[in-house]
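Asks: The following block contains the structure, expressed as structure tokens.
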Amino acid sequence: MSIITKLALAAGLVTALSSGALAQDLTGKVIGFSQIGSESGWRAAETSVTKLQAEERGIDLKFADAQQKQENQIKAIRGFIAQGVDAILIAPVVATGWDDVLTEAKEAEIPVILLDRGIDAPEDLYLTSVASDQVLEGRVAGEWLVNEVAGEECNVVELQGTVGSSPAINRKQGFEEGIASAANITITQSQTGDFTRSKGKEVMEAFLKSSNGGADICAVYAHNDDMAVGAIQAIKDAGLKPGEDILVVSIDAVPDIFTAIAAGEANATVELTPNMAGPAFDALAAYWANGTEPEKFIITESKLYTAADDPAGEYERRKGLGY
Amino acid sequence: MSSSEYALEARGIVKIFGNHVALDAVDFGLRAGEVHALLGENGAGKSTLIKILTGAYQPDGGTVLAAGAQVHLDNPQQAQAHGIGTVYQEVNLLPNRSVAENLFLGHQPTRFGLVRRRKMEADARLILKRYGLDIDPSSELGAHSVAVQQIVAIARAVELSGKVLILDEPTASLDRNEVERLFEIIRDLKAHGLAIVFITHFLDQVFAIADRVTILRNGKLVETRALDDMTRTDVVRLMLGKDVAFSGATGVEDARPMGEVLLDFANYGRKRSVHPFNLTIHKGEVIGVAGLLGSGRTEMARIMFGADAADEGTVKVAGKPASIARPTDAIGHGFGFCPEDRKAEGIFGDLSVRENIIIALQGKLGWFSALNRDEQMEIAGRFGESMDIRAASLDMPIKLLSGGNQQKVILSRWLATDPAFLILDEPTRGIDVGAHAEIVRTINRLRDEGLALVVISSELDEVVAYSSRIVVMRDREMVAELSGENINPGVIVQAIANHREGPST
Amino acid sequence: MMRRILTRLANPQLLALVGVLLVNWLLFPNFFRITWQDGRLFGSLIDVLNRGAPVAILAIGMVGVIATKGVDLSVGAVMAMAGAVAATMVVAGYPAPVAVAAALAVGLVCGLWNGFLVAVLDIQPIVATLVLMVAGRGIAQLITEGFIVTFTDPLLIFIGTGSFLGLPMAAVIALVLMILVTLLVRRTAIGLFIEAVGVNRAAASLAGIRSRMLLFLVYGLSGLCAAVAGLIVAGDIRGADANNAGLWLELDAILAVVIGGTSLLGGRFSVPLAVVGALIIQAMNTGILVSGFPPEFNLIVKAALIFLVLIIQSPLASRIVPVRTSAREARS
């Protein structure tokens, strides 16, 4: 599938994502974007959405793929500074080691915006950072479950992300906060599925075995949609109906989970938007227009999607984005 | 200070491993100022005795006396403290450190805890001079020849210990000149009153250097005697309890009928390896190959077998032109090759004796005509018996066998393929006398059965005994082909020497 | 006869497997419960067989490579490639048998490529196969364009999740491959030649063994096995996940071979014991999942158990307790 077709397919989503505020025209601005790489579908979607957002505003986007290496990112940023770009977006691969290169950017008076991850550096070295609130994502999922079971006893099994990763830690914490008020909901088992489908399926199989064939499980909460998709297959293999016998809630809102929601096999997902660039461009527009300093941390929306939110349509809108 | 006759003495030594008696009440006395050869077949108990004398093993019975006083040698360091130093066949020094460091390892002259490199190197230079070595003490040990490393090892042992020197097969990997050089040093040390134990498989060397000999057989002392009144045959008989095939034999009778031409190498050679040579080999004859190490003898064997491809010349097998570019070609024509370096190129250490015997035959049969276990056992058993392979079981790994028995296995491997032509590169090097005799017997038998053989050996007496012709190699070139009367060690040595001294034109 | 079979079963690998299974049973009393459900067996023990199958299949290919003193680091990436090829082809409308054949062909070609680097160019195996380990996953990502390519083709799904006589298809495939490869190496001279090349390649060449052909064979087989494993994991999740399919599984496969008693220095090997090694690893994984340990302990528990298994197999242990220690004696 060529980039052009992807762009065409994705046009609908861009409209949806940028709904509300009208995108300001930034024609003639040159902005450098140092992306981590393309290690996941979400990352690929973030790249294509960023390009679409730039195109919509008439921005000349200089894109650099760092292939997971900080040295490549630093090289790219120095290159952007040398070219005299108007602003720089960075999706930082690691949290430390940015002080020198950001100081160089500051001395060159080029504003820097961080996308989707934070760093350990003085706050005055960057204009703002745009990221989702991972704890909030977990909380939204938890609160959905509290409403859904409406007071009934519910044992939840949890499929964690990679042990020690910040989304795994934060989404676990958020979910626990979300269900804290409901004494009827308990997490009975929790294991890591490494954010992958096959591990999600394998772990869910084991949970089903150790929970009386699944009869003791009321819901599964997965830290990402891929693990949920794997878990759905395991539930089906065990002769149960996912979505009915066992509720399925997860995070990310990748296209495939909408197929499952449309088929009634998954119940809810919380969106981690790939559109980090849109809010960043908006902040830049305001900054350049009248010098408005944006807030230091811009939090993207963590939107909940269920069967009521046109899952088939959401699938169509997302499938071309590179997830 | 002691009145004892012996610098080092062992009395009634007993050593038992499990239910195997390795040494059974063995006495051994070593005088100052003598070279004392310790002989015996592999498994006779030589190395066990040496390990007890150097503190590596503790005896289960008997006593060790140094200069007349009983000593307890719990480890090699204590043996060293009693003046006993040892040099092994494999130089166990550090090849990537300097000569000087190796000489003084663990005893470097220091000041304030720092090694005094300059002093160490100056001392080293003096010591090396005494051993006739004019080499740079700061050079890496590994950059020197094995012979030089061996001499450094001896120097180290003597400097650290000073009374008794045990040499465990020091000459196994040296050529004739290097051995002679080593012997000069040994004679010099002897003249300085050192007591020296010399272990070797080469009887020539025993007679050349030793004053007395102690012979062990099956863990028992056979005899300790002065060598003056002994002949080679006496020694071998004592070691084996029987006469061996090659003793006393000199030359093959000219009358021996020679078969038809099997192989004809014409202008055959390989650049930077062997100069082109011409050689015709008949059925039922043994061609001996003589020459020093590095003379090109092994290289010649390798291109004959296709282990390296010849890049000029032609070869005819039974009159028909043939192409031998790799070993499988050679094997297809009925060739077999026992390489010089048994461990690196001959045996499959972890595989069983049985598998080592059948592997070349199986290689000839290919992937899909596998010999089943019974067939393998039958073949291996047949050769185990006819070659007198001493193995507890045909299923034991070959690496547990002695060198001689390993060599018999490799020979069996080729005999199992029913070969027409065998190339044996140093088939008797470093193996015990019994196996040696067995292999020489086999060479004679195969020749009589009509095989063609090429045998490379440094033991001239041996080559002379079974060869119908001898080719001499020097500087990667075939320099002489001897037959008839000329097959004797004197002529061979002369052939090498004449060419060596002659001006190269 | 009976006694001979019993002594052959008393090797450390099988003892370790039984030990791990018993520990699992202690931690989770229903571990051995197997029920019949929807025409297939259902239970944790079946999960061990099913989930262990991909690594077992990789180990079946890997053991021959390791026996020649080599190693194949590329199998995880080849899995991803095979899955990606099969999935994109069925999605593009090719018949499933064609897609499966193409995936297997890709695996075979990858294996032969490794064989070429090792046998002809004489590159060290660890480096030679590292090339494809890195590049292969990239190629798989190019094929899938970074998506998880999902499919609904019944044949591919059957390979990953179907059942035969109640047993998971993956386990059946692994068993069949194990028997076929064992017969291939032991009923012919190939096994002996592989061991000979592994123990001493120089001597093997002088003994008339064509080590190049053998290396092509073992690396080709390893690639083929990796492709089979790749089809299974893709079929299992009904999609080709180029980023994660087979990730790090090459290390599990190497570990399975080592637990199975084959030395990384080459030589003696046993295909069935390598499969047992894979089952030991999976029994640990499944045990950890059903036991309810927090996931933070997964790696530590696994490492400790593997350490224990290797200690049981070590020469030291065999001197203390004379059990059969390696693949060496485990063959006929």
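Cβ atoms are placed via backbone N, Cα and C, with glycine included.
The shown structure was predicted, so the numbers you read here are calculated from the model rather than taken from an experiment.
In case it helps, TrEMBL gives these features for our protein:
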| type | residues | note |
| --- | --- | --- |
| TRANSMEM | C:12-28 | transmembrane segment |
| TRANSMEM | C:48-66 | transmembrane segment |
| TRANSMEM | C:73-92 | transmembrane segment |
| TRANSMEM | C:98-120 | transmembrane segment |
| TRANSMEM | C:127-149 | transmembrane segment |
| TRANSMEM | C:155-185 | transmembrane segment |
| TRANSMEM | C:214-235 | transmembrane segment |
| TRANSMEM | C:247-266 | transmembrane segment |
| TRANSMEM | C:273-293 | transmembrane segment |
| TRANSMEM | C:299-321 | transmembrane segment |
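So where do these features actually land, and what's packed around them?
Replies: Within the same chain, residues 44-45, 48, 259-261, 273, 276-277, 279-280, 283-284, 286-287, 290-292, 305, 308-309, 312-313, 317, 323-325 sit at least 6 positions outside the transmembrane segment (C:12-28) and bring their C-beta atoms closer than 8 Å to a C-beta of that stretch.
Within the chain carrying the transmembrane segment (C:48-66), a Cβ under 8 angstroms from the stretch's Cβ atoms is held by residues 21, 72, 75, 79, 111, 125, 167-168, 170-171, 173-174, 177-178, 181, 185, 194, 198, 217-219, 221-226, 228-229, 232-233, 246, 249-250, 252-254, 256-258, 260, 262-264, 266, 269-271, 274-275, 277-279, 281-283, 285-286, all 6 or more beyond its ends.
Cβ atoms under 8 Å from those of the transmembrane segment (C:73-92) belong to residues 54, 58, 61-62, 98-100, 102-104, 106-107, 110-111, 114, 126, 129-137, 139-141, 143-144, 149-151, 153, 156, 222-223, 225-231, 233-234, 239-243, 245-250, 253 of the same chain, restricted to positions at least 6 beyond its ends.
Residues 61, 70, 72, 74, 78, 81-83, 85-87, 89-90, 128-129, 131-132, 136, 153, 155-156, 159, 211-212, 215-228, 230-231 of the same chain, all 6+ positions outside the transmembrane segment (C:98-120), place their C-beta atoms under 8 angstroms from a C-beta of that stretch.
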Asks: Against the transmembrane segment (C:273-293), which of these stretches has the most C-beta pairs under 8 Å: C:127-149, C:155-185, C:214-235, C:247-266?
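Replies: Looking only at C:127-149, C:155-185, C:214-235, C:247-266, the most contacts with the transmembrane segment (C:273-293) come from C:247-266.
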Asks: Grab the same-chain neighbours of the transmembrane segment (C:155-185) for me: Cβ-Cβ under 8 Å, and only residues 6 or more beyond its ends, written as numbers and ranges.
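Replies: Tertiary neighbours of the transmembrane segment (C:155-185) are 36, 39-41, 46, 49-50, 52-54, 56-57, 60-61, 64, 86-87, 90, 96-97, 99-100, 191, 194, 221, 225, 228, 231-238, 271-272, 275.
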Asks: So which residues does the transmembrane segment (C:127-149) touch in its own chain, when a touch means Cβ under 8 Å and the partner is 6 or more beyond its ends?
Replies: 70-74, 76-78, 80-81, 83-85, 87-88, 91, 110, 113-114, 117-118, 121, 239-243, 245, 247, 250
Asks: State the non-local partners of the transmembrane segment (C:214-235) in its own chain: residues 6+ outside its ends, Cβ under 8 Å from one of its Cβ atoms.
Replies: 53-55, 57-58, 60-62, 64-65, 67-68, 70, 72, 74-76, 78-84, 86-87, 100, 103-104, 106-116, 118-119, 156-161, 169-170, 173, 177, 181, 190, 193-194, 197, 241, 245-246, 249
